[in-house]
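According to TrEMBL, the protein has these features:
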DOMAIN    1-380  domain 'Major facilitator superfamily (MFS) profile'
TRANSMEM  28-51  transmembrane segment
TRANSMEM  63-81  transmembrane segment
TRANSMEM  87-109  transmembrane segment
TRANSMEM  121-139  transmembrane segment
TRANSMEM  151-170  transmembrane segment
TRANSMEM  202-222  transmembrane segment
TRANSMEM  234-252  transmembrane segment
TRANSMEM  264-282  transmembrane segment
TRANSMEM  354-373  transmembrane segment
Amino acid sequence: MSVAAGLSVAGNYFAQPLLDTIGDDLGLGSSLAALVVTVAQVGYGLGLVFLVPLGDLVERRRLAVGLTAATAAFLTVTASAPSGALLLVGTALTGFTSVAAQVVVPYAATLAAPHERGRTVGTVMSGLLLGILLARTAAGVLADLGGWRTVYWVNATLMAILAVLLHRYLPRLRPTSTLRYPALLRSTAALLGQEPVLRRRAAIGALTFGSFSVLWTAMTFLLSGPDYRWSDSAIGLLGLVGAASSLVASISGRLADRGLAHQVSRVGALLLLLSWGPLLAAGPGGPWAVGALLLGVLTLDLAVQGVHISSQNLVYAVRPEARNRLNSAYMSSYFAGGAAGSAITSGMWATGGWPATCVAGAALAAGALLLAAPPAPRPQAPAA
């Protein structure tokens, strides 16, 4: 399941270290090239809203296999795109169906024993997060070997193989809801109004992933620019630094099983804010820049994963019978924040370069920290 989650989501992140290369090949400027990342996240967000809730309504193995096969097909559209417009269409459709990853996560939570649920979710999320981070490394290496289109052809082939394996090995699970599809969507939206834990965690997730997306969208422009002049493969290798931080996902899950999810979330939000200090210092280049960059990337990725895993475990505990809908509501907000972060980055980079981008990322992190902070104690009424 970890491999399935990682491969499913990876296609949405291949473009990040390749934005300059894709832009040059298809005649896109930096702002339009950055839209590739935004469109992928918007498509993913729509899939979270309209497809993930189906996991409570239809047999989950069938849903996971169907979405995986569709993702393979849409990746071929992206791989063969002759223009920027068709590339964006293929990217959006790939993002829409790649939510198979978010069907697999609550699937695993349902199969796990209650006392092991946090660890299980953490393990599967480790795979998903590795997919996000290593996608950049794989994309850079494959692009240097055979061009950017090779990246998408390879992923399409792997997704087709994955669809066959999921059909063969995943157990069947009966649906947990008898609602019709329109009512199912309405109930997903209603959960946000009914559950304060879900609302707060959705907002924290949006701000956290928005900050994450600001970094990884702008990183390509910084590292391919005059201060660094890195190749696609060198930029992609930064994913290995972030991948090391995926180990925290399993640790966060274990801490959540011990009732420490709130504390993990607060520490993670604080680290997220602090990570933008060394990242800002890395902007001008120089002898210390690479070290500052690596420190900032590692700290930011550790922080994001800690906040996310702890939040997801808190959300899943709200209503076990509605995990797919809870996951849909939470992750829709999460990736909406990511799409907003990517969109903000385009404007901030155009107007203020790397310093302005870092300010935007830090501001989003500060918002997450404020929401993750414990509520102020209520004043007690004076004794009569």
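Any Cβ shown, glycine's included, is placed from N, Cα and C.
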Long-range Cβ neighbours of the transmembrane segment (63-81) (under 8 Å; 6 or more residues past either end): 4, 8, 11, 26, 51, 54-55, 87, 89-91, 93-94, 96-100, 103-104, 107, 149, 151-153, 155-157, 159-160, 162-163, 166-167, 170
Interface present between the transmembrane segment (121-139) and the transmembrane segment (354-373) (three or more C-beta pairs under 8 A): no
Within-chain partners of the transmembrane segment (28-51) [C-beta distance under 8 Å, separation at least 6 from its ends]: 9, 11-13, 15-16, 19-20, 22, 63, 67, 84, 87-88, 91-99, 102-103, 185, 188, 213, 217, 221, 328, 331-332, 335-336, 338-339, 342-343, 345-346, 349-350
Folded-back contacts onto the transmembrane segment (87-109), same chain, C-beta under 8 angstroms, at least six residues removed: 1, 4-6, 8-9, 11-12, 15, 22, 26, 35-36, 39-44, 46-48, 51-52, 55, 60, 63-64, 67-68, 70-71, 74-75, 77-79, 81, 117, 120-121, 123-125, 128, 131, 170, 173, 312, 316, 323-324, 326-328, 331
